[in-house]
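Undergrad: Structure below; questions to follow.
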Amino acid sequence: MDDSIAKYDGVWSVEVPYASSIENDYALVLKSKAKHHAVSTKLFRPIKFDTNELVIQYDVKFQDGIDCGGAYIKLLSASPNLDLKQFNDKTPYTIMFGPDKCGLENKFHFIFRHKNPNTGVYEEKHAKKVVPELESYFSDKKTHLYTLVLRSDNSFERYIDQIKVQSGSLLNDFDPPVNPPKEIDDPEDKKPSDWDEREKIIDTNAKKPDDWDEDAPATIEDESAVKPSGWLDDEPEMIPDPAAVPPKDWDREMDGEWVAPQINNPKCASAPGCGKWHRPIIPNPKYKGKWSAPMIPNPNYKGIWTPRKIPNPHYFEEKDPFKSLAEVNAIGLELWSMTDGIAFDNFLIVDSKRAADEFAQETWAIKKEAERLADPKAQSVVDAIRETYNEKPWLIFVVGLVCTLPIILCCIYMCRSPSKQHDIGMRKKTDTSTPDDSHVHVGERNAETEELEESGEEDIVQVSKGSGDESTANKTGSSRDNSAEETPDESGETEKASAAKQSIRKRRLRKE
């Protein structure tokens, strides 16, 4: 057996992952640690990159996280000599895509191999690094969906869990770029021997000043400082703790002489200081350090030399790298990993992002929801309420009552009909005249107020009727015609009717 093939001794298995949240959900699982793994399969039909869109998608779950290893796939280039039994790291591929990690370096690969039209040699083009932090995708032990979208306009997009993490162009966002530069540095051009790139030089004419003392220290004692009054020279800053006693199990012969722990001297607390006093250290005003000649602009400075440019003899212009990609007729996983238990599932290659999204909703989205429900730390509010109801249904009733009671009371208050009598009183004018009374127009009065006020007037007339029939006669004016014929009894009743009539007139005048 070829040595290049013999090293691929890692074990694969199609099984239900032990960390699966869905019953009988089979996946392709990498089973070995610290081994090389390779597995591949032919496609039902080749990919020729002649469609408007191409989508590559699959999901991965690091059941135990991962320290060092890859989980990327390769789209293998079609070739008459392609033998999947000999699949290894040297097998030509067209696209490599997926996550990879080792140590602190997290990667999300997208590499395509482009054929140089001048030399016929294939070159790897690496997409620029994805900006979002990737660590959680390797460590959270959940299933993640990886999607690559290529389009015929040479644009591309990368998604993780259906969230776009990068977009760009096959022409502009790869290293090295697809198209080489039109001009390159002339390899035969040499920098002239007299070319001076030094922007500044030492002033050779400068002299050290006579008063420059290179030996002066950077700091000195402050000679003007005076010891503070009350300084306790004879008192140490730390003293043995007088309250301390040796431990009961202290053995002088075994443990040596016991020494009490040190504590701050309480006498120093009220004094400016204790112990020997020293003058404070201050910067030396005469310090200048070692003298060196100053730098001055270089009169011979010519700038940084660069070789001249010449036309690139290997230049070519690839206008459509998408359509120039090599045909694909197989896919494979060629991985080395220090971690086992990596589960792969739901590989998909289609010509529509919409179709890929629909497929993801029927596969990965179900896994995601099952994993969420299986994780007690990630329960939603609805799940928490449901669980609480099952355990303590009375608590839900109490919370619901407390929340709905204020709403019910507000509705009752707002729906209650207002008091008509109070409304009338607020709308009526007072007996005291106001400056704008003469400017109020009768026609502007509220129709409802007029109706209510006249209803009140009718009540007053009805009360007057209670005095007798003669009151009614007085209200209509008949009392004036028959005043001479009134009897003493009728006179009293007439006076009452007259008073009621006067009250009605006052109210009408007030209203007007």
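Glycine is no exception: its Cβ is also placed from the backbone N, Cα and C atoms.
Just lifted these from TrEMBL, have a look:
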- C68-C102: disulfide bond (DISULFID)
- 170-201: region 'Disordered' (REGION)
- 182-201: compositional bias 'Basic and acidic residues' (COMPBIAS)
- 394-415: transmembrane segment (TRANSMEM)
- 422-448: compositional bias 'Basic and acidic residues' (COMPBIAS)
- 422-512: region 'Disordered' (REGION)
- 449-460: compositional bias 'Acidic residues' (COMPBIAS)
- 469-481: compositional bias 'Polar residues' (COMPBIAS)
- 503-512: compositional bias 'Basic residues' (COMPBIAS)
Undergrad: According to DSSP, which of helix, strand or coil covers C68 (disulfide bond)?
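TA: For C68 (disulfide bond) - judged by DSSP and reduced to three states - the answer is strand.
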Undergrad: What is the Cβ neighbour count of C102 (disulfide bond) at a 10 Å cut-off, with all protein chains included?
TA: 15
Undergrad: Would you count the other CB atoms within 10 A of the CB of C68 (disulfide bond), including those on all shown protein chains?
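TA: So the number of other Cβ atoms within 10 Å of C68 (disulfide bond) is 14.
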Undergrad: For the compositional bias 'Basic and acidic residues' (182-201), jot down how many residues DSSP puts in helix, in strand and in coil.
TA: 0 helix, 5 strand, 15 coil
